[in-house]
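As given in TrEMBL:
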TRANSMEM  12-36  transmembrane segment
TRANSMEM  57-78  transmembrane segment
TRANSMEM  98-118  transmembrane segment
TRANSMEM  150-168  transmembrane segment
DOMAIN    153-242  domain 'CAAX prenyl protease 2/Lysostaphin resistance protein A-like'
TRANSMEM  188-206  transmembrane segment
TRANSMEM  213-238  transmembrane segment
TRANSMEM  258-279  transmembrane segment
Amino acid sequence: MSRHLRIKSPGSQLAVLLGVFCAMFLAAGAASLIIYSMSGIDFRKGLDLTNPHMVNVMKLIQAVSSILLFIVPPFFFARFTFTGNYGYFLGFRNAEKANMYILAILGMLMAMPFVIWLGHLNEMIPLPESLTRMEEDTVKQLTAILKVKSVWDIVLNVLIIALLPAIGEELFFRGALQRIVIQLTRNPWVGIVLTAVLFSALHLQFSGFLPRMFLGIVLGALYWFSGSIYTSMIAHFANNAVQVIAASYAPEYVEKNPQTPVLAAVASGIVVWAILWYFQKQSTITYSKVYETDELTSTNQFIA
């Protein structure tokens, strides 16, 4: 694939991706201001989360932001960096094995007890008061968005909060950023973990940093082993959709994680490890194959 690169240096590729992201960040901000001004709501009086019209405006801004921040930048990045098929470059290709799609969904669903346990562990980490207030405001907004009165509300929430982020975040973090970080570190595991750290940090929800980082590692591994962005997108969507639907019927869990027995968390972690182990055994993906180089030794391969 390297012979099709316009920009071969991973450092330069990172600069391009960040440059496009910053441009889209400004575009998303401008779009939000336009939507605010057209909504007829006076936001100087603060957010009235009991106003359905305001909540709908927030949903529209959420959707537009997801598209501009995470779906658009990877395609511009591919356009500036790659001379071949942009979709292929970003991971739009079949998985190594057809059953990897189902196993990816199963892995994410089975990971939930371990993820919830990590959430409880994360809650023990003290946060500055400013971050705590920011977290509380975010939870209030999310709770308002997730309130539903009909099946249509649930469908809309699944599209905006589950589907769009699953597509966009996988394209940006796994399809673009992870491939750069792996090449920078010359080690797939290190690249996957570092990308997962950035994935979690950029959500700016530090009370859920550890569980989101773990999910980022799992998604990164699913993508690397399968060779297909579809795999991680499907898994990401399954995780988001289950949470959105669950929160629609049990909104109290938006503010507080349910209790999880330690044995359930341990069993959950073992199942996820077993699924990733299976992915590795079935995969033919190596660093050399992805980046078309023979300069690395076997110690640089993705060994679990």
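Even glycines carry a Cβ here, placed using N, Cα and C.
DSSP labels the residues of the domain 'CAAX prenyl protease 2/Lysostaphin resistance protein A-like' (153-242) in these numbers: 82 helix, 0 strand, 8 coil. When averaged over the domain 'CAAX prenyl protease 2/Lysostaphin resistance protein A-like' (153-242), pLDDT in the model lands at 95.
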